[in-house]
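The active site, tele-hemiaminal-histidine intermediate annotation in TrEMBL covers His221. What TrEMBL records for Gly56, Ser57, Gly58, His59, Lys109, Asp114 is substrate binding site. The domain 'DhaK' feature in TrEMBL is assigned to 9-336. Residues or ranges marked as domain 'DhaL' by TrEMBL: 372-571. Annotation comment: TrEMBL describes 345-366 as region 'Disordered'.
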Amino acid sequence: MSSKKLVNSVAGCADDALAGLVACNPNLQLLQGHRVALRSDLDSLKGRVALLSGGGSGHEPAHAGFIGKGMLTGVIAGAVFTSPAVGSILAAIRAVAQAGTAGTLLIVKNYTGDRLNFGLARERARAEGIPVEMVVIGDDSAFTVLKKAGRRGLCGTVLIHKVAGALAEAGVGLEEIAKRVSEVTKSMGTLGVSLSSCSVPGSKPTFELAADELELGLGIHGEAGVRRVKMATADEIVILMLDHMTNASNVSHVSVQPGSSVVLMVNNLGGLSFLELGIMADAVVRSLEGRGVKIARALVGTFMSALEMPGISLTLLLVDEPLLKLIDAETTAAAWPNVAKMSVTERKRSRAAPMEPKETHDSATAGGVASKQMVLVLEQVCTTLLGLEEHLNALDRAAGDGDCGTTHSRAAQAIQGWLKEGPPPASPAQVLSKLSVLLLEKMGGSSGALYGLFLTAAAQPLKANTDLPAWSRAMDAGLEAMQKYGKAAPGDRTMLDSLWAAGQELQAWKKPGADLLQVLTKAVKSAEATAEATKNMEAGAGRASYISSARLDQPDPGAVAAAAILRAIVEVLQNQGV
(Lines of atoms letter the chains of each structure in order from A and count residues from 1; the text may use other names and numbers.)
(Lines give C-alpha, C1' and ligand atoms only; values in the text may rest on other atoms or scores of the structure.)
Protein backbone atom coordinates (compact mmCIF):
# COMPACT_ATOMS: atom_id res chain seq x y z
CA MET A 1 0.00 0.00 0.00
CA SER A 2 1.38 3.41 -0.99
CA SER A 3 1.72 6.18 1.56
CA LYS A 4 -0.73 9.06 1.80
CA LYS A 5 0.40 12.40 0.37
CA LEU A 6 -1.30 15.77 -0.01
CA VAL A 7 -0.97 16.06 -3.79
CA ASN A 8 -3.25 16.75 -6.74
CA SER A 9 -1.64 13.98 -8.75
CA VAL A 10 1.52 11.93 -8.53
CA ALA A 11 2.57 12.97 -12.02
CA GLY A 12 2.13 16.70 -11.37
CA CYS A 13 3.41 17.00 -7.81
CA ALA A 14 6.86 18.40 -8.71
CA ASP A 15 5.34 21.04 -11.01
CA ASP A 16 2.74 22.01 -8.41
CA ALA A 17 5.30 22.29 -5.63
CA LEU A 18 7.59 24.55 -7.66
CA ALA A 19 4.62 26.63 -8.82
CA GLY A 20 3.55 27.08 -5.19
CA LEU A 21 6.99 28.35 -4.18
CA VAL A 22 7.07 30.83 -7.06
CA ALA A 23 3.49 31.94 -6.40
CA CYS A 24 4.43 32.98 -2.88
CA ASN A 25 7.81 34.53 -3.70
CA PRO A 26 7.83 37.63 -5.93
CA ASN A 27 11.61 37.28 -6.36
CA LEU A 28 11.14 34.12 -8.45
CA GLN A 29 9.74 33.38 -11.89
CA LEU A 30 8.99 30.18 -13.78
CA LEU A 31 10.51 29.61 -17.21
CA GLN A 32 7.62 28.92 -19.54
CA GLY A 33 7.39 25.34 -20.73
CA HIS A 34 9.99 24.09 -18.29
CA ARG A 35 10.26 23.08 -14.64
CA VAL A 36 12.73 25.89 -14.08
CA ALA A 37 12.68 28.72 -11.52
CA LEU A 38 14.80 31.83 -12.03
CA ARG A 39 15.48 35.10 -10.26
CA SER A 40 12.94 37.74 -11.22
CA ASP A 41 15.71 40.33 -11.53
CA LEU A 42 17.67 38.29 -14.09
CA ASP A 43 18.47 41.39 -16.18
CA SER A 44 20.38 42.89 -13.23
CA LEU A 45 23.02 40.14 -13.53
CA LYS A 46 24.60 41.48 -16.74
CA GLY A 47 28.35 40.99 -16.66
CA ARG A 48 28.32 38.59 -13.73
CA VAL A 49 28.43 34.81 -13.53
CA ALA A 50 25.12 32.95 -13.28
CA LEU A 51 24.79 29.94 -11.00
CA LEU A 52 22.41 27.10 -11.89
CA SER A 53 21.77 23.99 -9.83
CA GLY A 54 19.00 21.48 -9.34
CA GLY A 55 18.18 17.81 -9.44
CA GLY A 56 15.25 15.70 -8.43
CA SER A 57 12.37 17.19 -6.47
CA GLY A 58 11.64 15.98 -2.95
CA HIS A 59 14.63 17.70 -1.34
CA GLU A 60 12.87 20.94 -0.47
CA PRO A 61 13.83 23.64 0.34
CA ALA A 62 16.72 22.60 -1.90
CA HIS A 63 17.17 23.68 -4.49
CA ALA A 64 14.74 26.46 -5.37
CA GLY A 65 14.71 27.82 -1.81
CA PHE A 66 18.30 28.94 -2.35
CA ILE A 67 17.62 31.15 -5.37
CA GLY A 68 18.40 34.78 -4.66
CA LYS A 69 20.98 37.50 -4.68
CA GLY A 70 24.16 36.04 -3.23
CA MET A 71 23.22 32.45 -4.02
CA LEU A 72 21.66 30.69 -7.02
CA THR A 73 20.44 32.37 -10.20
CA GLY A 74 18.09 29.54 -11.00
CA VAL A 75 17.15 25.91 -10.50
CA ILE A 76 16.11 23.09 -12.80
CA ALA A 77 13.87 20.56 -11.05
CA GLY A 78 13.22 16.99 -12.06
CA ALA A 79 10.40 14.76 -10.98
CA VAL A 80 10.67 13.38 -7.43
CA PHE A 81 14.17 11.90 -6.97
CA THR A 82 14.71 12.07 -10.74
CA SER A 83 17.31 14.08 -12.65
CA PRO A 84 15.87 17.00 -14.67
CA ALA A 85 15.55 16.83 -18.44
CA VAL A 86 18.46 17.96 -20.62
CA GLY A 87 16.13 20.27 -22.56
CA SER A 88 15.11 22.15 -19.42
CA ILE A 89 18.70 22.48 -18.23
CA LEU A 90 19.71 23.86 -21.63
CA ALA A 91 16.75 26.24 -21.65
CA ALA A 92 17.84 27.62 -18.26
CA ILE A 93 21.42 28.11 -19.52
CA ARG A 94 20.14 29.94 -22.59
CA ALA A 95 17.83 32.11 -20.51
CA VAL A 96 20.59 33.40 -18.23
CA ALA A 97 23.00 33.78 -21.16
CA GLN A 98 20.49 35.87 -23.10
CA ALA A 99 20.07 38.08 -20.02
CA GLY A 100 23.71 39.12 -20.50
CA THR A 101 25.47 37.09 -17.81
CA ALA A 102 29.20 36.44 -18.05
CA GLY A 103 28.96 32.66 -18.27
CA THR A 104 27.20 29.99 -16.23
CA LEU A 105 28.41 27.65 -13.50
CA LEU A 106 26.44 24.43 -13.09
CA ILE A 107 26.55 23.10 -9.51
CA VAL A 108 25.67 19.41 -9.70
CA LYS A 109 25.36 16.74 -7.00
CA ASN A 110 27.31 13.58 -7.74
CA TYR A 111 24.63 11.23 -9.06
CA THR A 112 24.85 9.48 -12.41
CA GLY A 113 21.67 10.97 -13.85
CA ASP A 114 22.56 14.50 -12.79
CA ARG A 115 26.12 14.22 -14.14
CA LEU A 116 24.88 12.90 -17.47
CA ASN A 117 22.01 15.34 -18.02
CA PHE A 118 23.76 18.46 -16.77
CA GLY A 119 26.94 17.39 -18.59
CA LEU A 120 25.13 16.91 -21.88
CA ALA A 121 23.35 20.26 -21.52
CA ARG A 122 26.72 21.89 -20.82
CA GLU A 123 28.27 20.42 -23.96
CA ARG A 124 25.37 21.56 -26.12
CA ALA A 125 25.49 25.06 -24.63
CA ARG A 126 29.26 25.29 -25.20
CA ALA A 127 28.67 24.21 -28.78
CA GLU A 128 26.38 27.24 -29.08
CA GLY A 129 29.19 29.47 -27.83
CA ILE A 130 27.89 29.91 -24.28
CA PRO A 131 30.65 29.78 -21.62
CA VAL A 132 29.61 27.08 -19.13
CA GLU A 133 31.56 25.30 -16.40
CA MET A 134 30.38 22.49 -14.16
CA VAL A 135 31.42 21.42 -10.66
CA VAL A 136 30.29 18.08 -9.28
CA ILE A 137 29.78 18.02 -5.51
CA GLY A 138 30.53 14.84 -3.58
CA ASP A 139 30.49 15.38 0.18
CA ASP A 140 29.23 12.00 1.41
CA SER A 141 31.41 10.63 4.22
CA ALA A 142 29.63 7.28 4.51
CA PHE A 143 31.87 5.04 2.43
CA THR A 144 35.03 3.60 3.98
CA VAL A 145 36.18 2.37 0.56
CA LEU A 146 35.79 4.75 -2.34
CA LYS A 147 33.64 3.36 -5.11
CA LYS A 148 34.00 4.18 -8.80
CA ALA A 149 30.91 6.37 -8.68
CA GLY A 150 32.59 8.54 -6.04
CA ARG A 151 31.06 10.33 -3.07
CA ARG A 152 27.38 11.26 -3.33
CA GLY A 153 26.29 14.89 -3.26
CA LEU A 154 24.41 15.67 -0.05
CA CYS A 155 23.51 18.67 2.10
CA GLY A 156 27.01 20.18 1.85
CA THR A 157 25.99 21.23 -1.66
CA VAL A 158 24.00 24.05 -0.06
CA LEU A 159 27.22 25.50 1.38
CA ILE A 160 28.73 25.40 -2.11
CA HIS A 161 25.71 27.35 -3.37
CA LYS A 162 26.47 29.94 -0.72
CA VAL A 163 30.20 30.21 -1.40
CA ALA A 164 29.75 30.32 -5.17
CA GLY A 165 26.95 32.85 -4.84
CA ALA A 166 29.08 35.19 -2.73
CA LEU A 167 31.92 34.98 -5.26
CA ALA A 168 29.60 35.63 -8.19
CA GLU A 169 28.02 38.59 -6.40
CA ALA A 170 31.52 40.00 -5.86
CA GLY A 171 32.21 39.84 -9.63
CA VAL A 172 34.65 36.91 -9.63
CA GLY A 173 35.07 35.21 -13.03
CA LEU A 174 33.60 31.88 -14.08
CA GLU A 175 36.76 29.77 -14.10
CA GLU A 176 37.96 31.21 -10.80
CA ILE A 177 34.64 30.44 -9.08
CA ALA A 178 34.70 26.87 -10.43
CA LYS A 179 38.27 26.39 -9.19
CA ARG A 180 37.66 27.82 -5.73
CA VAL A 181 34.45 25.91 -4.98
CA SER A 182 36.06 22.68 -6.18
CA GLU A 183 38.76 23.22 -3.56
CA VAL A 184 36.17 23.94 -0.87
CA THR A 185 34.41 20.67 -1.62
CA LYS A 186 37.56 18.76 -0.65
CA SER A 187 37.31 20.15 2.90
CA MET A 188 33.75 19.05 3.53
CA GLY A 189 31.91 15.94 4.67
CA THR A 190 28.30 14.93 5.30
CA LEU A 191 26.78 11.87 6.98
CA GLY A 192 23.12 10.99 7.46
CA VAL A 193 21.19 8.78 9.84
CA SER A 194 17.51 7.89 9.79
CA LEU A 195 14.90 6.22 11.97
CA SER A 196 12.93 4.97 8.95
CA SER A 197 12.65 5.46 5.22
CA CYS A 198 10.66 7.88 3.09
CA SER A 199 8.19 7.08 0.34
CA VAL A 200 7.92 8.61 -3.12
CA PRO A 201 4.35 9.76 -3.94
CA GLY A 202 2.42 6.78 -5.21
CA SER A 203 4.92 4.28 -3.84
CA LYS A 204 5.67 2.24 -0.74
CA PRO A 205 8.51 3.02 1.69
CA THR A 206 11.91 2.62 0.06
CA PHE A 207 13.29 0.31 2.76
CA GLU A 208 12.20 -1.25 6.05
CA LEU A 209 13.79 -0.87 9.45
CA ALA A 210 13.08 -2.80 12.62
CA ALA A 211 11.70 -0.81 15.54
CA ASP A 212 15.08 -0.90 17.29
CA GLU A 213 17.25 -0.04 14.26
CA LEU A 214 18.82 3.04 12.69
CA GLU A 215 20.14 3.43 9.15
CA LEU A 216 23.61 5.01 9.05
CA GLY A 217 25.14 6.66 6.00
CA LEU A 218 22.07 6.73 3.81
CA GLY A 219 21.52 8.98 0.79
CA ILE A 220 18.83 11.56 0.13
CA HIS A 221 16.76 9.44 -2.25
CA GLY A 222 15.59 6.83 0.22
CA GLU A 223 18.44 4.48 -0.65
CA ALA A 224 19.75 2.36 2.19
CA GLY A 225 22.87 3.34 4.06
CA VAL A 226 26.18 1.62 4.69
CA ARG A 227 25.16 -0.02 7.92
CA ARG A 228 22.35 -0.63 10.37
CA VAL A 229 22.83 -0.06 14.06
CA LYS A 230 20.71 -0.46 17.17
CA MET A 231 18.75 2.46 18.55
CA ALA A 232 20.70 4.54 21.03
CA THR A 233 20.57 7.89 22.79
CA ALA A 234 21.03 11.11 20.85
CA ASP A 235 24.49 11.56 22.40
CA GLU A 236 25.54 8.05 21.38
CA ILE A 237 24.24 8.46 17.82
CA VAL A 238 26.12 11.74 17.39
CA ILE A 239 29.36 10.19 18.65
CA LEU A 240 28.89 7.30 16.21
CA MET A 241 28.33 9.72 13.33
CA LEU A 242 31.27 11.98 14.13
CA ASP A 243 33.59 9.02 14.72
CA HIS A 244 32.63 7.59 11.34
CA MET A 245 32.93 10.77 9.29
CA THR A 246 36.24 11.92 10.83
CA ASN A 247 37.98 8.52 10.97
CA ALA A 248 41.20 8.82 8.93
CA SER A 249 40.89 5.18 7.80
CA ASN A 250 37.63 6.13 6.09
CA VAL A 251 38.59 7.18 2.56
CA SER A 252 35.67 9.63 2.43
CA HIS A 253 36.38 11.23 5.80
CA VAL A 254 36.63 14.93 6.51
CA SER A 255 39.89 15.88 8.24
CA VAL A 256 38.51 17.51 11.35
CA GLN A 257 41.02 17.48 14.20
CA PRO A 258 41.52 19.23 17.54
CA GLY A 259 42.01 22.89 16.77
CA SER A 260 40.04 22.76 13.52
CA SER A 261 37.51 25.50 12.78
CA VAL A 262 34.31 24.31 11.09
CA VAL A 263 30.94 25.36 9.81
CA LEU A 264 28.37 22.88 11.15
CA MET A 265 25.08 22.06 9.45
CA VAL A 266 22.49 20.00 11.31
CA ASN A 267 20.02 19.17 8.58
CA ASN A 268 16.54 17.74 9.06
CA LEU A 269 15.92 15.08 6.42
CA GLY A 270 12.26 16.02 6.45
CA GLY A 271 10.42 14.13 9.15
CA LEU A 272 12.30 14.83 12.35
CA SER A 273 10.53 16.91 14.99
CA PHE A 274 11.96 20.27 16.06
CA LEU A 275 12.35 18.77 19.53
CA GLU A 276 14.65 16.00 18.27
CA LEU A 277 16.51 18.39 15.98
CA GLY A 278 17.35 20.62 18.93
CA ILE A 279 18.47 17.66 21.02
CA MET A 280 20.75 16.42 18.24
CA ALA A 281 22.15 19.91 17.63
CA ASP A 282 23.05 20.23 21.31
CA ALA A 283 24.68 16.81 21.27
CA VAL A 284 26.76 17.68 18.19
CA VAL A 285 27.98 20.97 19.62
CA ARG A 286 28.98 19.34 22.90
CA SER A 287 30.71 16.44 21.16
CA LEU A 288 32.67 18.62 18.73
CA GLU A 289 33.75 21.05 21.41
CA GLY A 290 34.74 18.08 23.58
CA ARG A 291 37.09 17.07 20.75
CA GLY A 292 38.68 20.51 20.71
CA VAL A 293 36.93 21.61 17.51
CA LYS A 294 35.91 25.25 17.13
CA ILE A 295 32.43 25.72 15.66
CA ALA A 296 32.72 28.96 13.71
CA ARG A 297 29.10 28.90 12.51
CA ALA A 298 26.17 26.59 13.21
CA LEU A 299 23.21 26.16 10.85
CA VAL A 300 20.29 24.10 12.16
CA GLY A 301 17.13 23.45 10.18
CA THR A 302 15.85 21.86 7.00
CA PHE A 303 18.15 22.54 4.05
CA MET A 304 18.11 19.39 1.93
CA SER A 305 15.40 16.90 2.84
CA ALA A 306 14.46 13.46 1.60
CA LEU A 307 10.69 13.90 1.54
CA GLU A 308 9.41 12.92 5.00
CA MET A 309 12.43 10.90 6.14
CA PRO A 310 12.75 11.11 9.95
CA GLY A 311 16.47 11.63 10.32
CA ILE A 312 19.30 14.12 10.14
CA SER A 313 22.53 14.69 8.31
CA LEU A 314 25.58 16.41 9.75
CA THR A 315 27.84 18.48 7.53
CA LEU A 316 31.27 19.71 8.57
CA LEU A 317 33.16 22.25 6.46
CA LEU A 318 36.69 23.23 7.43
CA VAL A 319 36.95 27.02 7.22
CA ASP A 320 39.37 29.90 7.52
CA GLU A 321 38.54 33.60 7.75
CA PRO A 322 38.31 34.26 3.96
CA LEU A 323 35.92 31.33 3.53
CA LEU A 324 33.87 32.47 6.54
CA LYS A 325 33.39 35.87 4.90
CA LEU A 326 31.81 34.14 1.91
CA ILE A 327 29.54 32.11 4.20
CA ASP A 328 28.57 35.33 6.00
CA ALA A 329 27.94 37.36 2.83
CA GLU A 330 24.42 38.71 2.42
CA THR A 331 21.84 36.76 0.45
CA THR A 332 18.13 37.15 -0.29
CA ALA A 333 17.58 33.40 -0.73
CA ALA A 334 14.42 32.54 1.20
CA ALA A 335 15.69 29.28 2.72
CA TRP A 336 19.08 30.52 3.92
CA PRO A 337 18.87 31.07 7.69
CA ASN A 338 19.69 34.28 9.50
CA VAL A 339 22.95 32.96 10.92
CA ALA A 340 24.75 34.95 13.59
CA LYS A 341 28.11 36.09 12.23
CA MET A 342 30.05 34.91 15.25
CA SER A 343 31.58 31.73 16.59
CA VAL A 344 29.40 29.32 18.51
CA THR A 345 32.36 28.04 20.51
CA GLU A 346 33.74 29.99 23.49
CA ARG A 347 30.46 31.86 23.86
CA LYS A 348 28.84 32.20 27.25
CA ARG A 349 25.57 30.25 26.95
CA SER A 350 23.92 30.91 30.27
CA ARG A 351 23.18 33.78 32.57
CA ALA A 352 23.13 33.56 36.33
CA ALA A 353 19.65 33.09 37.76
CA PRO A 354 18.19 36.27 39.27
CA MET A 355 18.57 36.71 43.00
CA GLU A 356 15.41 36.11 44.97
CA PRO A 357 14.28 39.03 47.12
CA LYS A 358 15.38 38.86 50.72
CA GLU A 359 12.74 37.65 53.11
CA THR A 360 11.41 39.97 55.76
CA HIS A 361 11.14 38.05 59.01
CA ASP A 362 8.50 39.02 61.52
CA SER A 363 9.24 39.43 65.18
CA ALA A 364 7.99 35.98 66.18
CA THR A 365 10.71 33.38 66.35
CA ALA A 366 10.65 30.17 64.38
CA GLY A 367 9.68 27.20 66.48
CA GLY A 368 7.13 29.09 68.57
CA VAL A 369 3.61 27.89 69.41
CA ALA A 370 2.19 29.12 66.10
CA SER A 371 4.99 27.42 64.17
CA LYS A 372 4.49 24.08 65.96
CA GLN A 373 0.78 24.24 65.31
CA MET A 374 1.45 24.90 61.62
CA VAL A 375 3.72 21.83 61.50
CA LEU A 376 0.94 19.66 62.95
CA VAL A 377 -1.54 21.00 60.39
CA LEU A 378 0.81 20.39 57.48
CA GLU A 379 1.73 16.91 58.67
CA GLN A 380 -1.94 15.96 58.91
CA VAL A 381 -2.64 17.38 55.43
CA CYS A 382 0.25 15.32 54.02
CA THR A 383 -0.90 12.13 55.73
CA THR A 384 -4.43 12.68 54.39
CA LEU A 385 -3.29 13.24 50.80
CA LEU A 386 -0.96 10.25 50.81
CA GLY A 387 -3.81 8.07 52.05
CA LEU A 388 -6.10 9.35 49.28
CA GLU A 389 -3.67 8.74 46.39
CA GLU A 390 -5.33 5.65 44.90
CA HIS A 391 -8.87 6.95 45.48
CA LEU A 392 -8.13 10.26 43.75
CA ASN A 393 -6.41 8.49 40.84
CA ALA A 394 -9.46 6.25 40.39
CA LEU A 395 -11.77 9.28 40.31
CA ASP A 396 -9.49 11.01 37.82
CA ARG A 397 -9.41 8.14 35.33
CA ALA A 398 -12.98 8.90 34.30
CA ALA A 399 -12.24 12.49 33.31
CA GLY A 400 -8.49 12.88 33.05
CA ASP A 401 -5.28 10.94 32.86
CA GLY A 402 -5.65 9.26 36.25
CA ASP A 403 -2.86 11.10 38.05
CA CYS A 404 -4.71 13.46 40.40
CA GLY A 405 -3.82 11.32 43.44
CA THR A 406 -0.23 10.96 42.31
CA THR A 407 0.06 14.72 41.86
CA HIS A 408 -1.29 15.43 45.35
CA SER A 409 0.92 12.69 46.79
CA ARG A 410 3.92 14.36 45.16
CA ALA A 411 2.91 17.62 46.85
CA ALA A 412 2.61 15.89 50.22
CA GLN A 413 6.05 14.33 49.89
CA ALA A 414 7.55 17.69 48.94
CA ILE A 415 6.00 19.34 52.02
CA GLN A 416 7.23 16.52 54.27
CA GLY A 417 10.74 16.98 52.91
CA TRP A 418 10.56 20.71 53.54
CA LEU A 419 9.41 20.21 57.15
CA LYS A 420 12.39 17.92 57.82
CA GLU A 421 14.73 20.78 56.94
CA GLY A 422 13.58 22.71 60.01
CA PRO A 423 10.59 24.51 61.52
CA PRO A 424 8.57 26.70 59.14
CA PRO A 425 8.52 30.48 59.57
CA ALA A 426 6.26 31.82 62.29
CA SER A 427 4.57 34.20 59.87
CA PRO A 428 1.52 32.64 58.13
CA ALA A 429 2.18 34.83 55.09
CA GLN A 430 5.70 33.43 54.78
CA VAL A 431 4.45 29.87 55.24
CA LEU A 432 1.90 30.25 52.45
CA SER A 433 4.49 31.90 50.16
CA LYS A 434 6.95 29.08 50.80
CA LEU A 435 4.28 26.47 50.15
CA SER A 436 3.27 28.18 46.89
CA VAL A 437 6.84 28.00 45.57
CA LEU A 438 7.22 24.41 46.73
CA LEU A 439 4.02 23.24 45.03
CA LEU A 440 4.78 25.11 41.83
CA GLU A 441 8.17 23.42 41.62
CA LYS A 442 7.34 19.93 42.89
CA MET A 443 3.64 19.21 42.44
CA GLY A 444 3.38 19.84 38.71
CA GLY A 445 0.33 19.84 36.48
CA SER A 446 -2.57 22.27 36.60
CA SER A 447 -3.15 21.49 40.27
CA GLY A 448 0.34 22.68 41.19
CA ALA A 449 -0.18 25.93 39.33
CA LEU A 450 -3.64 26.49 40.83
CA TYR A 451 -2.54 25.80 44.40
CA GLY A 452 0.49 28.01 43.79
CA LEU A 453 -1.73 30.85 42.59
CA PHE A 454 -4.13 30.39 45.48
CA LEU A 455 -1.42 30.40 48.14
CA THR A 456 0.53 33.29 46.60
CA ALA A 457 -2.56 35.49 46.54
CA ALA A 458 -3.80 34.30 49.94
CA ALA A 459 -0.49 35.25 51.57
CA GLN A 460 -0.84 38.95 50.74
CA PRO A 461 -3.70 39.90 53.17
CA LEU A 462 -1.88 38.04 55.97
CA LYS A 463 1.23 40.22 55.79
CA ALA A 464 -0.40 43.06 57.71
CA ASN A 465 -2.67 41.10 60.04
CA THR A 466 -3.51 37.52 60.99
CA ASP A 467 -6.87 37.93 62.71
CA LEU A 468 -9.97 36.08 61.51
CA PRO A 469 -11.12 38.81 59.07
CA ALA A 470 -7.64 38.70 57.49
CA TRP A 471 -7.91 34.90 57.01
CA SER A 472 -11.30 35.39 55.35
CA ARG A 473 -9.78 38.00 53.04
CA ALA A 474 -6.94 35.60 52.31
CA MET A 475 -9.47 32.99 51.20
CA ASP A 476 -11.15 35.60 48.99
CA ALA A 477 -7.86 36.61 47.41
CA GLY A 478 -6.89 33.00 46.69
CA LEU A 479 -10.23 32.22 45.08
CA GLU A 480 -10.08 35.37 42.97
CA ALA A 481 -6.62 34.45 41.65
CA MET A 482 -7.73 30.92 40.79
CA GLN A 483 -10.72 32.22 38.83
CA LYS A 484 -8.72 34.94 37.09
CA TYR A 485 -6.04 32.63 35.69
CA GLY A 486 -7.73 29.24 35.77
CA LYS A 487 -10.91 30.53 34.06
CA ALA A 488 -13.09 28.22 36.16
CA ALA A 489 -16.22 29.44 37.96
CA PRO A 490 -18.29 27.91 40.75
CA GLY A 491 -20.35 25.09 39.29
CA ASP A 492 -17.77 24.14 36.62
CA ARG A 493 -16.94 20.86 38.38
CA THR A 494 -13.41 21.70 39.54
CA MET A 495 -11.46 21.98 42.78
CA LEU A 496 -12.69 25.58 42.93
CA ASP A 497 -16.17 24.35 43.85
CA SER A 498 -15.10 22.98 47.25
CA LEU A 499 -12.93 25.97 48.06
CA TRP A 500 -15.62 28.41 46.95
CA ALA A 501 -18.22 26.76 49.17
CA ALA A 502 -15.85 26.96 52.14
CA GLY A 503 -15.01 30.56 51.31
CA GLN A 504 -18.66 31.58 51.47
CA GLU A 505 -18.93 30.20 54.99
CA LEU A 506 -15.68 31.88 56.03
CA GLN A 507 -17.22 35.27 55.30
CA ALA A 508 -18.63 34.97 58.85
CA TRP A 509 -15.10 35.52 60.21
CA LYS A 510 -15.37 39.13 59.12
CA LYS A 511 -18.10 39.73 61.70
CA PRO A 512 -17.18 40.75 65.24
CA GLY A 513 -17.14 37.91 67.76
CA ALA A 514 -17.01 35.12 65.18
CA ASP A 515 -15.91 31.72 66.51
CA LEU A 516 -12.92 30.24 64.63
CA LEU A 517 -13.75 26.52 64.94
CA GLN A 518 -17.50 26.86 64.63
CA VAL A 519 -17.24 28.75 61.34
CA LEU A 520 -14.42 26.57 60.04
CA THR A 521 -16.29 23.35 60.82
CA LYS A 522 -19.31 24.63 58.95
CA ALA A 523 -17.05 25.62 56.03
CA VAL A 524 -15.53 22.13 55.84
CA LYS A 525 -18.95 20.44 55.82
CA SER A 526 -20.06 22.76 53.02
CA ALA A 527 -16.88 21.97 51.06
CA GLU A 528 -17.42 18.21 51.45
CA ALA A 529 -21.07 18.42 50.42
CA THR A 530 -20.14 20.48 47.36
CA ALA A 531 -17.36 18.06 46.42
CA GLU A 532 -19.88 15.21 46.44
CA ALA A 533 -22.30 17.33 44.43
CA THR A 534 -19.77 17.85 41.62
CA LYS A 535 -20.72 14.42 40.25
CA ASN A 536 -24.00 16.00 39.10
CA MET A 537 -22.38 19.12 37.62
CA GLU A 538 -21.68 19.85 33.95
CA ALA A 539 -17.92 20.14 33.52
CA GLY A 540 -17.22 23.67 32.33
CA ALA A 541 -13.45 23.87 32.70
CA GLY A 542 -10.38 21.67 32.92
CA ARG A 543 -9.74 18.38 31.16
CA ALA A 544 -13.13 16.98 32.18
CA SER A 545 -14.88 19.61 30.03
CA TYR A 546 -13.93 17.57 26.95
CA ILE A 547 -15.68 14.46 28.28
CA SER A 548 -19.35 13.71 27.80
CA SER A 549 -21.29 14.43 31.00
CA ALA A 550 -22.92 11.02 30.70
CA ARG A 551 -19.56 9.48 31.57
CA LEU A 552 -18.91 11.71 34.59
CA ASP A 553 -20.74 9.95 37.39
CA GLN A 554 -18.10 10.37 40.10
CA PRO A 555 -17.15 13.49 42.12
CA ASP A 556 -14.38 15.68 40.76
CA PRO A 557 -11.08 14.45 42.28
CA GLY A 558 -9.70 17.97 42.69
CA ALA A 559 -12.76 19.06 44.63
CA VAL A 560 -12.54 15.93 46.82
CA ALA A 561 -8.85 16.64 47.53
CA ALA A 562 -9.50 20.28 48.44
CA ALA A 563 -12.28 19.29 50.84
CA ALA A 564 -10.02 16.65 52.40
CA ILE A 565 -7.31 19.25 53.00
CA LEU A 566 -9.78 21.50 54.79
CA ARG A 567 -11.01 18.52 56.87
CA ALA A 568 -7.42 17.75 57.93
CA ILE A 569 -6.92 21.35 59.06
CA VAL A 570 -10.04 21.47 61.21
CA GLU A 571 -9.27 18.11 62.83
CA VAL A 572 -5.86 19.31 64.01
CA LEU A 573 -7.30 22.54 65.40
CA GLN A 574 -10.04 20.61 67.19
CA ASN A 575 -7.49 18.26 68.74
CA GLN A 576 -5.42 21.23 69.85
CA GLY A 577 -8.45 22.78 71.51
CA VAL A 578 -8.12 26.02 69.59
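Each Cβ is built from the backbone N, Cα and C atoms, and glycine gets one as well.
Scoring each of the binding-site residues (Gly56, Gly58) by how many neighbouring Cβ atoms lie within 10 Å, the top position goes to Gly58. Within 10 Å of the C-beta of Ser57 (substrate binding site) there are 24 other C-beta atoms, taking all protein chains into account. Annotation for the recorded positions His59, Lys109, His221: lowest Cβ count within 10 Å of the residue's own Cβ, His221. Per-residue pLDDT, averaged along the domain 'DhaL' (372-571), amounts to 90 for this model. The record gives Gly56, Ser57, Gly58, His59, Lys109, Asp114 for substrate. Within 8 Å of the mean position of their Cβ atoms, the other Cβ atoms in that chain belong to Gly54, Gly55, Ala62, His63, Ala77, Gly78, Val80, Phe81, Thr82, Ser83, Ile220, His221. Residues Gly56, Ser57, Gly58, His59, Lys109, Asp114 are listed as the substrate binders, and the farthest two of them sit 15 Å apart at their Cα atoms. A separation of roughly 9 Å, to the nearest angstrom, links the Cα atoms of Gly56 (substrate binding site) and the residue listed as 'active site, tele-hemiaminal-histidine intermediate'. Rounded to the nearest whole angstrom, the C-alpha distance between His59 (substrate binding site) and the residue listed as 'active site, tele-hemiaminal-histidine intermediate' is 9.
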